[in-house]
Structures are given as structure tokens and as C-alpha cells.
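Q: According to TrEMBL, the feature compositional bias 'Low complexity' maps to 331-349. Marked as compositional bias 'Basic and acidic residues' by TrEMBL: 622-649. Annotated domain 'Nodulin-like' per TrEMBL: 37-290, in sequence order. The transmembrane segment feature in TrEMBL is assigned to 34-57, 102-123, 167-187, 199-220, 241-260, 272-291, 391-420, 440-459, 471-490, 496-518, 530-550, 586-606.
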Amino acid sequence: MVFDASGSSSPATPPLSGNPLGVILTRGFARQVLLGRWFTVFASLLIMAASGATYIFGSYSGTLKLSFGYDQRTLNTVSFFKDLGANLGVFSGLINEVTPPWVVLAMGAGMNLFGYLMVYLAVSGRTARPPLWLVCLYFFVGANSQSFANTGALVTCVKNFPESRGVVLGILKGFVGLSGAVYTQLYLALYGGVDAESLILLIAWLPAAVSVVFVHTIRYMPYPRRRRGGGGGQETSSDPFFCFLYLSIALACFLLVMIVVQKQVTFSRDAYGVAATPLLILLLMPLGVVVKQEYKIYRERQLDAALRAADPTPPTITVVDDGGAPGAGAGAPPSSSSALQMSAAATDDTTTKKPEQQQQPPPPPPSSSCLGSFGKCVRTMFRPPARGEDYTILQALVSVDMLVLFVATICGVGGTLTAIDNMGQIGESLGYPSKSINTFVSLISIWNYAGRVTAGYASEAVLVRYRVPRPVLLTGVLVLACAGHVLIALGVPQSLYAASVVIGFCFGAQWPLVFAIISEVFGLKYYSTLYNFGGMASPVGSYILNVRVAGRLYDAAAARQHNAPRDGAGGKHDKLCLGVECYKRSFLIITAATVLGALVSLVLVWRTWRFYRGDIYARFRDGDGGEGSGKDGRLPVDRRPEEEEREKAAAANGRKA
């Protein structure tokens, strides 16, 4: 039986006419832009740029310490609850499994406003001084809103672009890394940098406002069906992501220049406001990329419509039946061969019924659902599918791969996060002026961005071209982080600038790699929850290395210094430590922990080497294309013959059963 679905040869494509500006200014095109998947990316970029308030804790931690009279260990305890809230995203992940993303974003906006606003009121003296547990609760609630923003925006974009997940994670996490420097510039422009209390107020209302503005534009999009050219067309092209990359580089360069200039020149408040204007323009420029890409999609759809209009006749299906061939059935017609030209009506009926039979999804395997039957999930939790398939939540949590990745992330992220949270006190103990300490915080933000973008784009490139596993790059990042920790431990004069660059880069580079590894090894079905579970390694590492190690050793060094009389100093000054010894032992221990994390990461390299040497994205091109794309996201005529044979055999088995 031979099927000829090619149809008659179509005439030359008629030229498409239309003024681009006339199309762009129409209401229909504006609706297409607002409802398109690329505007979702733009909205996510702005939400991410406003959701990194936890990374500038070092800019106002000194004010918090003085206002409440905390010692370093108590301050680090507050910092731990801040990190715990920022990374305890299991709740937002589970909520996102059963609700649309706008619910998660709206909840996050309310939590951010409440948590940080209460901290601002307490620090500014507008409310009574709260007890420590209540301050920790405020920071936990406010910082936990960051996980809601990440889940609602970032996870949605990863699912909308499954074949470019490394690039998506890199650019979105890159904007999170830039948020610290963005907050600094907006704080200087709006409040003049007079007091750190205003900075807390800024991070209370700005992220909530951005999330509310774009709350209804973040949503899941069906994966587009494959076009006859073999690709998904302009709707899933990776070209706009490189435009976003170039714009983000321009934004990072601008922020870096402003950091250097503001360190050398004294600005007035009006000058800070003028300097913030280019910042806002650069933040909004990705919208131009979105409009351009949506216009390309519009032209592509116009072209497809013109092709269909030029060849309106349905394809002809010729059925050739060789009745006298060997193996013919007993009921075959007597003639040796006959050709039947089916009518258009019969063709329409056949071509509508057969895809319905082909697109009947097979019964789900036992490991594909966890929310529906908990007992079945427990029974199959130790029988995971192959790497790259969709694990259930329990299967992923008890797997050796997740355990190894979690331990490596605890050691790596925990050490770099300890350095970031203590950068203000580190600079103070080494004798740097307050202006330089703000420079360190901004440098960490810039290089945090550079690490995230570099890890996302570079890991995707070497994976696609050379099949280099992402865990290899994760191991390299952990080794590089050891250099930054050693610089802090030794306290070499003026080395804190280089240390802040290395620490910021390595902290940023770890996250896209970790989250991409989770999505590739354990699948995307429950990525909302597994993504947030991976982030839980950060507060665990922060508690061990920041609270139990750095905070305790700092207070011990301060106590040793103040046992001897020091100019009659007392009170809050007794909790201040000065000199290299304040953090030397802490960061030598952190260096050893990071080396351990690199060795553990090598175990993951060994376990996943064969998996990454294959084509891990084949299922999105040749098979199960994605959510909402039908069976495989392609037209039936685009399938290969061997695939049709497999589908026929499956249908035959179903009829026998």
C-alpha cells in the first residue's frame, strides 16, 4: 500500500506585501505581541531583574546590625533565614503544579511587600523593635517571594522553550544577577543614597509592582508543530535570545562604568537621576526585539496562508493493492493489481480519522504520575525511568544523581553565598572604606550576571557541538571558586576586588548549570518542584558554612580582640572584629569544603557521561515534543517511515487486545 501525500506542485509563492510600520501599529498585531511567547520572555526578564533583592543584603546588613544591636552570629542567623526563604521553593513549586503561573506570581508579590515592608518599619523605628524570631520570619517571608517569582516566570519559560533551556536559564538568571547593581542605581536615583533604610523600602515595593504589572502575561504556550522545513519556525528560534544577550551585556557594561565613575566622582541626587535614565532604556530595549520577532512570525504565518491559498486542493491518496502478491490474504480481490483514486470527501474522512488513531496517547507508564496516586508513586519510587525521561518527584528525590548533585551544590553555593552575605563585614574588617564596600557588592552583582550568562550559553554550545556534559563545567566552576576563597582568607592588600569578581562569577555560574542538569536528567514534567528542591542546597550550605562556621569564628575572634582594653571601647563596638584573622580560618574551611564539592561533582560526571554523549534533545525533535503539541509536535507527513511502522504495529496490538 503506497500513500502519496505530496499533492500537486504548487506555483511560485506570491510576494507578500505590506508596510511593516502599518502592520506593527495595528490593534491585531499588538494583541499578537501581548499574547505571544516572546512577550512572556520579556516580562520574565523584568521580573527576574527585580527579584534579586537577597543579593544586596550586604549593603544594608550593617544598618540592621546597628539598629537591633546584633552580634555577627545573630546577623548571620537572620541571613540564613533570608537564604532559606529565597530557596525554599517547594511550596511555590507544588502550587505551580496545580495552578496557572499568575497565581504564583500574585502570591509572591504580596509576600514580598509584606515581609520587607515590616523590616523597613522596624529598622526605621516606626514600629517597636521586634524579637529575633519575628525579624527572621519577616526576612523569610519577603525572601520567599523570590522563589515564587522564579517558579512563575523562569519555569514557564523553560517549558515554553525546552530545546533552548540552557540559554533560557542563562539569560534569565543573568538578569537576576544584575538586579543587585540595578537596585543600587535606582536607590541612588530615587533616594540619593542617604540611608540604607530607603533601600529596604525600595526592595519592598519594586518587585511587587513589577510582578503585578506582568502577572497575566506569564503563561504556558503549546509547543509549536513542526514545519515542513524541519524546524519550529520563528516562534521557537534561538536568535532573539542572542539579541537579549547582547542587550544584557550592554546593560552590564553600563552598570560597570557607573560603578567606576561613581567611585571616582561625587554625584548629586539630580545627577544620579539622569544616570538612571539610560538604565531604564536598556531594561526596556528587549521589547524591541520582541516586536521584531513577532513581526517575523506574522510574516511567516502570512506566507503559510499564501501557500495554502495557492494550492487549495487536498492531497491525493492513491491506494495500490497487489492482490496476487505472495502472502496476500484469502479475501484479496481476484485482479493482480488495482488502483483506486479516492474522492476528496473520502480523502478528508481518511485523513481525519487516521491521525486521530495515530495521536491516541499510549497508556502512561507507572512512573509518569505522582500526584494522582500516592501509593503507586511510592511503589515505583525505586524503579526510575531512564535518564532524560520524566521522573516522578519521589523518584528524583531518592535518586543517587540528585543526592550527588545536592551535596556538590551545598559545598559550592554555600561557600560563595557566605562570602557574598559577609562582604560588608569582610571589607570592614580589612579596613576598606564604606564606598569601596558598596563597590564590592556591585562588582559581585555584575560578575554574578556574567557567570550566569556564560554558564548558560557556553554550556549549551559545548553540549550541542562537542557533547561535553554540564557536570564537567560545574566541576570547573567549583575549582575556580577556591581561588576567591583563598584570596579572602589570606587578606592580601587590595585583593578583595579580585575576590569579589571571582566569587560573584562562580556563584552565578553554578545556578544555570545545576538547574539545567536537573531538567535534563529528571525531565520537565515536575520541573517546578524539582527546580525548587535543587535550590534548597543553598540555605543548607549557608547554615553550615555561614552560621555555624563563619559567624561563630568571627565572634570568637572579636571576643579575643576585646578581652584586652581597646581605648575604652564597649557596647556595640565589642562585637566588631578588625584584621585578617577575623575570616582567615572560616575561609580556609570553606575552601576545603569547596574542594570536596568538586570531587563529588566528578562522581556525577562519571555517572552521566554516557547520557550526555547522546542526543538529549532528540525527544523534542523526533518524539514527545512537549506540552500541548499533540503526540510529537509534527504533521503526519513529516514522520519517518520507520515511525509509521511502529505506530501501525502499536495500533494492531491494541486491536488484538
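First residue shown is number 1, and so on along the chain.
Heads up, the Cβ atoms here are built off N, Cα and C, so glycines get one too.
Note: TrEMBL annotation is automatic and uncurated.
Help me picture where these features are in the structure shown.
A: Within the chain carrying the transmembrane segment (34-57), a Cβ under 8 angstroms from the stretch's Cβ atoms is held by residues 79, 82-83, 86, 105, 112, 116, 142-143, 145-146, 149-150, 152-154, 156-157, 160-161, 168, 171-173, 175-180, 182-184, 199, 203, 206-207, 210-211, 214, 217-219, 221, 235, 240, 244, 283, 286-287, 289-290, 293-294, 297, 420-421, 441, 444-445, 448, all 6 or more beyond its ends.
Taking Cβ pairs closer than 8 Å, the transmembrane segment (102-123) reaches residues 47, 53, 63-64, 67-68, 85, 92, 95-96, 129-130, 135, 138-149, 151-153, 197, 200-201, 203-205, 207-209, 211-212, 214-216, 218-219 in its own chain, all 6 or more past its ends.
Residues 34, 39-40, 43-44, 46-47, 49-51, 53, 56, 59-60, 100-102, 105-106, 108-110, 112-113, 115-117, 119-120, 123, 142, 145-146, 149, 152-153, 156, 159-160, 183, 186-187, 190-191, 627-628 of the same chain lie 6+ residues outside the transmembrane segment (199-220) yet bring a C-beta within less than 8 angstroms of a C-beta in it.
Cβ atoms under 8 Å from those of the transmembrane segment (241-260) belong to residues 41, 45, 164, 167-168, 171, 174-175, 178, 181-182, 185, 275, 278-279, 282-283, 285-286, 289, 439, 442-443, 445-446, 449-450, 453, 457 of the same chain, restricted to positions at least 6 beyond its ends.
Within the same chain, residues 24, 33, 36, 38-39, 41-42, 45-46, 49, 182, 185-186, 188-190, 192-193, 240, 243-244, 247, 250-251, 254-255, 258 sit at least 6 positions outside the transmembrane segment (272-291) and bring their C-beta atoms closer than 8 Å to a C-beta of that stretch.
Only residues 6 or more beyond the boundaries of the transmembrane segment (440-459), in the same chain, are considered here, and those with a CB under 8 A from a CB of the stretch are 52, 55-56, 58-59, 166-171, 173-182, 184, 245, 248-249, 252, 255-256, 259, 420, 423-424, 427, 432, 468, 470, 473, 477, 496-497, 500-513, 516.
The list of residues near the transmembrane segment (496-518) in space but at least 6 beyond its ends in sequence, with Cβ under 8 angstroms from a Cβ of it, reads 165-166, 169-170, 173-174, 177, 396, 402, 405, 409, 412-413, 416-417, 419-420, 423, 426-427, 430, 432, 439-440, 443-452, 454-456, 459, 470-471, 473-474, 477-478, 480-481, 483-485, 487-488, 527, 530-531, 534, 537, 604, 608.
Packing against the transmembrane segment (586-606) from elsewhere in the chain are residues 401, 404-405, 407-412, 414-415, 418-419, 469, 471-472, 474-475, 478-479, 481-482, 485-486, 488-489, 517, 545, 549-550, 553-554: each is 6 or more residues past its ends and has a CB under 8 Å from a CB in it.
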Q: Short question: most Cβ pairs under 8 Å with the transmembrane segment (530-550), which of 167-187, 391-420, 471-490?
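A: Looking only at 167-187, 391-420, 471-490, the most contacts with the transmembrane segment (530-550) come from 391-420.
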Q: Report, as numbers and ranges, which residues of the same chain sit near the transmembrane segment (391-420): CB under 8 Å and 6 or more residues beyond its ends.
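A: 55, 57-58, 83, 367-370, 377-378, 380-385, 426, 444, 471, 474, 477-478, 481, 484-485, 488, 499, 503-504, 506-507, 510-511, 514, 517-518, 521-523, 525-526, 529-530, 533-534, 536-538, 540-542, 544-546, 549-550, 586-587, 590-591, 593-594, 596-598, 600-601, 603-604, 607-608.
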